[in-house]
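Annotated features, as they stand in TrEMBL:
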SIGNAL    1-25  signal peptide
ACT_SITE  E116  active site, proton donor
ACT_SITE  E350  active site, proton donor
BINDING   T474  Ca(2+) binding site
REGION    515-555  region 'Disordered'
COMPBIAS  517-542  compositional bias 'Basic and acidic residues'
Amino acid sequence: AAMQRLLGPLLCLWALRLPAGSGAAARGLDVASYRERVRAMFYHAYEHYLESAFPYDELRPLTCDGQDTWGSFSLTLIDALDTLLILGNVSEFQRVVNVLQDGVDFDIDVNASVFETNIRVVGGLLSAHLLSRKAGVEVEAGWPCSGPLLRMAEEAARKLLPAFQTPTGMPYGTVNLLHGVNPGETPVTCTAGIGTFIVEFATLSHLTGDPVFEDVARKALKALWKNRSDIGLVGNHIDVITAKWVAQDAGIGAGVDSYFEYLVKGAILLQDKELMSMFLEYNKAIKNYTKFDDWYLWVQMYKGTVSMPVFQSLEAYWPGLQSLIGDVDNAMRTFLNYYTVWKQFGGLPEFYNIPQGYTVDKREGYPLRPELIESAMYLYRATRDPTLLELGRDAVESIEKISKVDCGFATIKDLRDHRLDNRMESFFLAETIKYLYLLFDPDNFIHNDGSDFDVVVTPYGECVLNAGGYIFNTEAHPIDPAALHCCRKRREEHWEVEDLMREFYSRKKTKKFTLKRAPDHGEGENAKDPEDASSEKAEEKRNSKKSSHSLLSCPSQSFNSKLAVLGQVFLDNT
């Protein structure tokens, strides 16, 4: 049913969470204390960015100044915006929204990375747009289908569209925001730079009603799928004009990583069986050719022979991704391998030679990446294994001891001697701090289990938001999947929303559900009883159905109402 597609996954999303256990306490780890230390880390970095680097993209913490890196967007401010709300700072969120509206201009003569602009700028603005009402921003009539941050995200994304105008549909890696693709621009793009758009671009299409964004993202995904090798692998770099593979190393790390991530997250966000099927086919080939003793190596994409026996720090997202398809046991084994590397160096070197058990020359640095912490956060939600909190503890201790300087936190240039580099990437505040905080904050609204949500009135009818089930883009910007159903009028879904809310109220004696009706622009805060709002037709529709199960019990449902997360495997049992 339409409403099962909309709300069924959200209601079930965190239902498999284990109760808060005593394992962490038994090991003497004070979760609340570490949460507050992470909060302090955020403000040490954020405040020094504002004082010393704004409006530049990034802070240079050793010289206490700023630099533009990815396009002159005040990037750290955009990337940190939703982290502010996760930490509970609504006043600063509101202030920054106004600053960005007044100060960011995309009509500039700058060559920008298509990939980075999408995940950091478009993703950050979309997330902030969808969280605006929760942060107390006075949103305009028609939200979430309109709003200044949504318009900014759309403007930024339109600047990227010329990159997709290739014979294959795979985008160039760089575009000039004023003039489009430069003559003579290299046609060679990494796989991740082609396959990491569906989360942001599909969200844009669903909110704005313009299908062009989702269309180009899907075309790029399918082009990569079409050009996989006979043994089911993709390489690292491809020519977007000829579709010839330029770099034929296949693995799960740098240059490929978020392509696989977005097949899974796109499948969950859009309830798309084709995307999940593509990932599962890749997953078989990855296990067959690249997996050795719970490590993942790099192999030649056509032959499957090992080309690089290394672990890259960017690969540490993989256990978290495995948890999303329910493969928790394998995820934990791989995570523990990666954790041994962290404990060896106090961080993850960019490259680690697995047979030698040591760093690779000129790849000894750790730029405060989030991937291992990200996996710990996902796996802790699934297992409550205190080992995952211990990784969070070790990350806090290492980063504070090695990386903290007077003006922020500096990239670690070499984990062997702790030399620092004069850079603080925006992802430190967008991802690393966010995942650490969420690891130590089990009651954060991001972890909502569906029992608390808002009902928002849009020009297309009533819509459920903030019920949980957030999908993080690869820059850790959370997208509310329910929002994708707010901006298209589907009368049947509207009736079934009312029907489902009626069912919630009928269960109030045995279940506690908080239903908050978010006010329209200019309305008061008083909640409206959905029984008063529902139509006679919805009542007739409900009475005419003989439901064989409760939507609240997470039953076995058709594919479109399943969600692969925290032990629920994305498989069709029918």
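Cβ coordinates are placed from backbone N, Cα and C, and glycine is handled just like the others.
Just so you know, TrEMBL annotations are computer predictions that nobody has curated.
A map of TrEMBL features onto the structure.
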{"residue": "E116", "record": "active site, proton donor", "Cβ contacts under 8 Å, 6 or more apart": "W70, G71"}
{"residue": "E350", "record": "active site, proton donor", "Cβ contacts under 8 Å, 6 or more apart": "Q312, S313, L314, V360, R363, E364, G365, Y366, P367"}
{"residue": "T474", "record": "Ca(2+) binding site", "Cβ contacts under 8 Å, 6 or more apart": "I119, G123, T196, V199, D257, S258, E261, Y262"}
